[in-house]
């Protein structure tokens, strides 16, 4: 009798378990998650609408803000609706194709946003440290090329993950102890050696993002050094407040993501629910906070929001 074949193709469906150990809290957890998602949709939608309708904002800095808003919407919408369906209706079943698609766009949008954050840091560096050369160096066409580079780099880095997963046998294992599909979480269900997935996931995508982080850090260090030399104390205080809020949002974007990746490899003793809650942080907090930090605190954006949404309403009330 031939030996029993334990291997098998990728199952037709996977089952998302949500947050293991906190199943009775799913409904309560969904309330802040849903609220943050709705605010993120509203905030990023307003930013895109205002930048789209106001020609005076068709400048490199605001085009980068619009690209960041699109990346934020992609990052959160890829995961949160399915997560809420899981919490509200126990709809954890997801087809393998949908799971791979979610995995791809999750990591793809994270990589795209990382490049955009780097571009925004470099934009501020040129504006503050080389203001006389800003108009010549930073042009709308450069911003468009930056967006294309972000898309191309992210696609080339993330798309191989799909093939690395599809080559694995799964032996009928379908339960993913998470709220969404991501690369290593799916790979750990396989009944075969996943060292190629682990090595690739910890080298190529992470190395690219780490390079972004190092360049962002270098940009802000140079910006802070330039701010220290400003003669006006009020100008220094205002600029420091702006930079510190930017840095906080950047940290909220990168730290949970790095924690999630490294936990898969080294943090087996960390409770699963802590890991998953922090993994959800980087798909919820940046889309929620970016419109506030990068847009609402920008005077030109605030003025245009008032012009577009408040002034027409006052005019109608007066009539």
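Glycine residues also receive a Cβ, built from the backbone N, Cα and C atoms like all the rest.
As written in TrEMBL, here are the features:
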- 43-294: domain 'G-protein coupled receptors family 1 profile' (DOMAIN)
- 25-51: transmembrane segment (TRANSMEM)
- 63-91: transmembrane segment (TRANSMEM)
- 103-122: transmembrane segment (TRANSMEM)
- 142-165: transmembrane segment (TRANSMEM)
- 206-227: transmembrane segment (TRANSMEM)
- 239-262: transmembrane segment (TRANSMEM)
- 274-294: transmembrane segment (TRANSMEM)
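When each of 63-91, 142-165, 206-227 is checked for Cβ pairs under 8 Å to the transmembrane segment (103-122), 142-165 comes out on top.
For the domain 'G-protein coupled receptors family 1 profile' (43-294), the model's pLDDT averages out at 91.
Long-range contacts of the transmembrane segment (142-165) within the same chain, counting only residues at least 6 positions beyond its ends with a Cβ under 8 Å from a Cβ of the stretch, are 10, 60, 63-64, 67, 100, 103-104, 107-109, 111-112, 115-116, 119, 183, 186-187, 196-197, 200-201, 204-205, 208.
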